[in-house]
Protein chains: 2
Amino acid sequence: MRLRLRNVFLVYFVVSLVGLFCALRELGESRGADFGGFRGVWTPPGWAEPAQRGFGGVQRGLGGILGRIWKVWGEPALSLPPEPERPILTPSFPRRPVQKAELVRLSQTLLHVPALHWVVVEDAAAPSALVGGVLAASGVSFTHLSAETPPDLRGGPGAPSWLFPRGAEQRNRALRWLRDTRGAHEPGVVYFADDDNTYSLRLFEEMRSTRGVSVWPVGLVGGCAWSGRWSRGGVVGFHTGWRPERPFPLDMAGFAVALRLLLAHPRARFDPRAERGFLESSFLGGLVTPGQLEPRADNCTQVLVWHTRTEKPKLRQEEQLQRQGRGSDPDIEV
Amino acid sequence: MRLRLRNVFLVYFVVSLVGLFCALRELGESRGADFGGFRGVWTPPGWAEPAQRGFGGVQRGLGGILGRIWKVWGEPALSLPPEPERPILTPSFPRRPVQKAELVRLSQTLLHVPALHWVVVEDAAAPSALVGGVLAASGVSFTHLSAETPPDLRGGPGAPSWLFPRGAEQRNRALRWLRDTRGAHEPGVVYFADDDNTYSLRLFEEMRSTRGVSVWPVGLVGGCAWSGRWSRGGVVGFHTGWRPERPFPLDMAGFAVALRLLLAHPRARFDPRAERGFLESSFLGGLVTPGQLEPRADNCTQVLVWHTRTEKPKLRQEEQLQRQGRGSDPDIEV
């Protein structure tokens with residue numbers, strides 16, 4: 001009996017050592033993929049919350065195993081704040097050759113962000129198969145809607161593009177969807193992300209702590225190198241190259257709104273007849289005063305989003321080839 | 001002695017059970033982040049190799065532990081093909097307001113791709129701090145180089161931008177770096193990725209099996225909806241809106257080259273004096289014949305890369321404000 005117990009012990013010891021070795025190896029490999037949480041999305045180095053970063057630093061090798069046990073058993077004691085949902089609202093305009101490319105590119109940015117839900121609203125009578133295909137293939141959690149801009153808010157064929165603000169109808173549709181589906185006390189931060197801008201991944205981390213409306217500078221907007229809130233010696237103002245007298249001289253990409261604040265003000269919406277440059281003000285005016293804006297991005301000194309625009313491609317050769325009956329195969333989706 | 005051994009056994013059993021529980025939990029959590037391999041990069045769903053997908057399916061719960069042991073101990077027997085390195089060569093042009101934004105955006109795409117190494121070559125006398133900062137913060141494995149285009153290949157101040165091909169000097173510098181640092185038999189696939197294009201993640205999977213030079217269509221290029229190789233009933237040709245008589249009527253984004261082929265032809269390079277549209281041909285002509293091109297992307301029927309271009313931002317307001325001494329704070333990097 002004594003001998004058999006020892007044998008059992010030895011065999012168990014060897015087997016569990018192998019298991020321990022495998023687990024150590026596994027933990028070593030997956031170290032980088034921690035804390036993303038949502039769908040195994042990887043958090044790039046350097047933009048985790050400091051509290052997470054310090055904790056993550058412990059998790060290497062054997063220290064990793066111990067940290068892991070600590071994580072599993074000590075979780076209620078540590079109580080990291082839950083990752084708030086980040087609904088990202090994007091209007092998308094069909095009948096543009098770059099529509100698919102822009103959505104594909106933006107989806108790759110959003111795929112890095114934990115707890116994100118992408119609400120894409122097409123300016124069309126119904127959601128299109130093209131956009132639906134991009135969203136389904138993207139790997140991002142999404143909702144696909146549509147809301148057509150009424151003809152009287154579209155401007156005639158010769159009217160300048162800035163006569164009416166673009167995307168008001170679509171953003172209002174997304175707001176309605178949020179109000180219909182989210183409970184009044186759900187944590188979350190809502191951001192309006194147009195499909196041609198460039199977003200640093202740090203931006204999504206900065207907006208995470210939004211209590212009301214948070215703001216940051218936007219690069220390459222309104223004819224300026226950057227535009228945004230500034231403060232010096234207690235004085236607060238806005239740097240902008242376009243109508244500084246606006247109540248909220250902010251670009252659509254320059255703020256995020258707490259979901260709770262949005263749900264507490266069921267009438268806040270974008271005015272589709274707002275004067276040029278006043279679309280953001282028409283929405284924010286129903287939520288906060290300019291003095292309540294919460295600066296982020298190192299007190300608004302870091303540009304983490306750029307108002308890039310994609311060139312409208314010239315398809316002259318295509319038209320020429322089509323006249324000769326040799327146009328690009330239309331069965332190939334672009 | 002008998003009692004003590006049993007106690008030791010019991011304590012060891014309990015401790016190892018806790019360890020097993022943690023390891024199981026860990027494996028369950030990190031399942032999605034498998035097989036990225038390189039720096040814990042996450043492989044989006046649906047584009048792993050079929051062999052990997054099948055194997056990955058085994059790794060759940062207890063099956064995961066067994067699969068893991070199998071992986072560690074059975075590795076020589078299974079012998080999955082090693083992930084070939086994908087050096088991505090990108091020329092970058094300074095003194096453009098959108099340079100940082102474009103690199104940030106491209107880095108987010110590349111961050112999804114396993115076994116990638118990004119070689120960025122600036123058209124400058126020395127690597128800049130701005131680009132260096134973007135690369136260091138990107139999370140992507142990178143090499144930062146510079147190669148200045150000589151004045152006689154730059155064209156005068158009034159010369160049209162297409163007089164000399166852009167990026168030849170920088171791509172040749174990257175090729176030299178590859179030849180200096182990579183062994184003749186290292187597996188790898190080289191791709192030239194300009195910083196303003198849009199790349200589907202599937203593209204990087206398609207190029208993975210490149211033996212010589214692989215090709216696929218490029219969207220929105222040369223005035224066409226798409227341009228690329230076609231084949232019908234054994235006949236092979238190229239669809240292009242621009243000089244179809246070129247030996248290789250391909251865009252820079254439309255092909256990838258096996259590293260071994262590149263190293264076997266040490267003289268293949270881009271001709272900085274090539275005629276407009278002939279830069280790709282000057283390089284590929286030193287490597288293969290048009291008949292040797294390997295079609296990818298479902299026999300060149302899928303557009304997985306788009307020749308998008310970023311608009312040059314108009315900074316009129318900025319100039320106006322600067323004249324009034326109220327320009328954007330230059331300490332804020334854009």
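FYI, residue positions are counted from 1 along the chain as it appears here.
Backbone N, Cα and C atoms are what each Cβ position is placed from, and that goes for glycine too.
Now, the feature entries from TrEMBL:
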type: BINDING; residues: B:D196; note: Mn(2+) binding site
type: ACT_SITE; residues: B:E280; note: active site, proton donor/acceptor
type: CARBOHYD; residues: B:N299; note: N-linked glycosylation site
type: SITE; residues: B:Q317; note: site 'Interaction with galactose moiety of substrate glycoprotein'
Near chain A: which of the recorded positions B:D196, B:E280, B:Q317 have their Cβ closer than 8 Å to one of its Cβ atoms?
B:Q317
Around B:E280 (active site, proton donor/acceptor), which residues of its chain at least 6 apart sit with Cβ under 8 Å of its Cβ?
B:F248, B:L250, B:D251, B:M252, B:G254, B:F255
If you draw a 10 Å sphere around the Cβ of B:Q317 (site 'Interaction with galactose moiety of substrate glycoprotein'), how many other Cβ atoms fall inside it, taking every protein chain shown into account?
19
Report, as a single number, how many Cβ atoms besides its own are within 10 Å of the Cβ of the residue listed as 'N-linked glycosylation site'.
11
Cα separation, B:Q317 (site 'Interaction with galactose moiety of substrate glycoprotein') to the residue listed as 'Mn(2+) binding site' (Å, whole number):
25
Do me a favour and check the Cα-Cα span between B:N299 (N-linked glycosylation site) and B:Q317 (site 'Interaction with galactose moiety of substrate glycoprotein'); whole Å is fine.
49
